[in-house]
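**Student:** Here's the feature list from Swiss-Prot:
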- Cys31: active site, thioimide intermediate (ACT_SITE)
- Asp38: active site, proton donor (ACT_SITE)
- Ile53, Glu54, Leu55, Tyr72, Glu73: substrate binding site (BINDING)
Amino acid sequence: MKKELLEVFDNQFPDRDYTIEIVNPEFTSVCPKTGLPDFGTITLRYVPDKVCIELKSLKYYYLEFRNAGIFYENITNTILDHMISALHPRTLTVTTEWKARGGITETVTASYSSADKA
């Protein structure tokens, strides 16, 4: 996945804590074991610092996963790592919710806080 696709813009309120939630209900990837498509919802929830994510670039970034054979856990943590690199947010949580396969659903959540790094 090309994290270079992610673009940002200046946060107009960097002195204020506020939460941005972005939901993509049409995320697709491929199961690396079966080659079958996986369908899920990706939710990003973050408190920005100096910059915010530009949504069109995020859309194209997500499309990079469409034909990739990758496990749910890897998707969630890859998105988290790439978003941290692009945004340097105060906090960030990535939640991926996957449609049922064989009657089983899965939800993966990964979080980051800049306060933990201080």
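Cβ atoms are placed via backbone N, Cα and C, with glycine included.
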**Student:** Who sits close to Ile53 (substrate binding site): which same-chain residues at least 6 apart have their Cβ under 8 Å from its Cβ?
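**Tutor:** Those within reach of Ile53 (substrate binding site), by Cβ under 8 Å and sequence separation of 6 or more, are Leu6, Glu7, Val8, Ile20, Ile22, Leu44, Met83, Ala86, Leu87.
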**Student:** Once the chains shown are all counted, how many other Cβ atoms turn up within 10 Å of the Cβ of Glu73 (substrate binding site)?
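**Tutor:** 12, counting other Cβ atoms within 10 Å of Glu73 (substrate binding site).
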**Student:** Taking the Cβ of Leu55 (substrate binding site) as reference, which residues of that chain separated by at least 6 in sequence fall under 8 Å from it?
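**Tutor:** Non-local contacts for Leu55 (substrate binding site): Ile22.
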**Student:** Using Cβ-Cβ distances, find the residues under 8 Å from Glu54 (substrate binding site) that belong to the same chain and are at least 6 apart in sequence, listing them in sequence order.
**Tutor:** Leu6, Glu7, Val8, Phe9
**Student:** Report, in whole Å, the straight Cα-to-Cα distance of Cys31 (active site, thioimide intermediate) from Asp38 (active site, proton donor).
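**Tutor:** Distance between the two Cα atoms comes out at 6 Å.
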**Student:** I want to verify one value. Collapsing DSSP to three states, which class is Asp38 (active site, proton donor)?
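**Tutor:** Looking at the DSSP assignment, Asp38 (active site, proton donor) belongs to a strand.
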**Student:** Tell me, by DSSP, whether Glu54 (substrate binding site) is helix, strand or coil?
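**Tutor:** Coil, per DSSP.
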**Student:** Rounded to a whole angstrom, what is the C-alpha distance between the residue listed as 'active site, thioimide intermediate' and Glu73 (substrate binding site)?
**Tutor:** 12
**Student:** Using only the residues recorded as binding substrate (Ile53, Glu54, Leu55, Tyr72, Glu73), report the maximum Cα-Cα distance in Å, whole number please.
**Tutor:** 24
**Student:** For Tyr72 (substrate binding site), write down the residues of its own chain that are at least 6 apart in sequence and whose Cβ falls under 8 Å from its Cβ; none is a fine answer.
**Tutor:** Asp38, Gly40, Thr96, Trp98, Glu106, Val108
